[in-house]
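Undergrad: My questions all concern the structure below.
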Amino acid sequence: MNIAIAIIKHPKDDRILIAQRKADVHLANFWEFPGGKCHPGETLRQAVRRETREEVGLEIDILEEWNSITHDYPGRTVTLFPFLCRALSDDARPLGNGKVAWVTVAELPNYEFPEANAPLIRRLLRSTVLTAAAV
Ligand SMILES: Nc1nc2c([nH]c(=O)n2[C@H]2C[C@H](O)[C@@H](COP(=O)(O)OP(=O)(O)OP(=O)(O)O)O2)c(=O)[nH]1
Ligand SMILES: [Mg+2]
């Protein structure tokens, strides 16, 4: 299943947005990047914009498309298509999830993410993109 996800930079500082999954869903209570299933007839970019609107109420600029990650969970295989984005405002609301939080990259290891996210978290921890003034 194809999942479009948004790594969303804060409009003014170097934090990114994470959201907590609800208690009654696949991978319940894990923290994640906002996103979800790409619908039939929709591009991944359309899906990431729609999911971001639906789940956290934000409009975004898409900055980069990162390599996809395919992961087998028991009973389900997902392919994550990550997009590095910038939010146009900072008023993220937890519309589809339990909570949202703006966090620094250094704080990410304090939150529990699904297994499939491990390469993304590593890339973010190595990355200078989130502290570079130009991005
Ligand atoms: N959004 C998101 N999903 C992730 C991440 N990491 C990860 O393994 N996943 C998995 C969890 C789910 O199996 C799948 C996302 O599907 P979902 O159930 O949230 O899809 P959706 O938002 O379209 O929700 P729904 O309409 O089916 O309720 O991808 C992540 O960082 N963000
Ligand atoms: Mg979702």
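Glycine residues also receive a Cβ, built from the backbone N, Cα and C atoms like all the rest.
Just so you know, TrEMBL annotations are computer predictions that nobody has curated.
Pulled these features from TrEMBL for this protein:
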type	residues	note
BINDING	R21, H26, E32, F33, P34, G35, N117	8-oxo-dGTP binding site
BINDING	G35, E55	Mg(2+) binding site
Undergrad: Around ligand 1, within a Cβ distance of under 6 Å, which of the binding-site residues R21, E32, G35, N117 show up?
TA: E32, G35, N117
Undergrad: Can you name the residues of this chain that are 6 or more positions from G35 (8-oxo-dGTP binding site) yet have a C-beta less than 8 Å from its C-beta?
TA: I3, A4, I5, A6, A47, V48, E51, T52, E55, L80
Undergrad: For the binding-site residues R21, H26, which one has its C-beta crowded by the most other C-beta atoms within 10 angstroms?
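TA: Of R21, H26, the one with the most crowded Cβ is R21.
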Undergrad: Would you mind checking how many other C-beta atoms are within 10 angstroms of the C-beta on P34 (8-oxo-dGTP binding site)?
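TA: So the number of other Cβ atoms within 10 Å of P34 (8-oxo-dGTP binding site) is 29.
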Undergrad: Note the Cβ centroid of R21, H26, E32, F33, P34, G35, N117, the recorded 8-oxo-dGTP site, then list each other residue of that chain whose Cβ lies within 8 Å of it, in sequence.
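TA: Other same-chain residues with Cβ inside the cutoff are I3, I5, A19, L27, F30, W31, G36, F113, P114.
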Undergrad: Three-state secondary structure of E32 (8-oxo-dGTP binding site) from DSSP?
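TA: Going by the DSSP assignment, E32 (8-oxo-dGTP binding site) falls within a strand, counted as strand.
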Undergrad: Do any residues at least six apart in sequence from F33 (8-oxo-dGTP binding site), in the same chain, have a Cβ closer than 8 Å to its Cβ, and if so which, in order?
TA: I5, A6, I7, I8, L17, I18, A19, P82, N117, L120
Undergrad: For H26 (8-oxo-dGTP binding site), what is the secondary structure state per DSSP, taken as helix, strand or coil?
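TA: Note: H26 (8-oxo-dGTP binding site) is coil by DSSP, not helix or strand.
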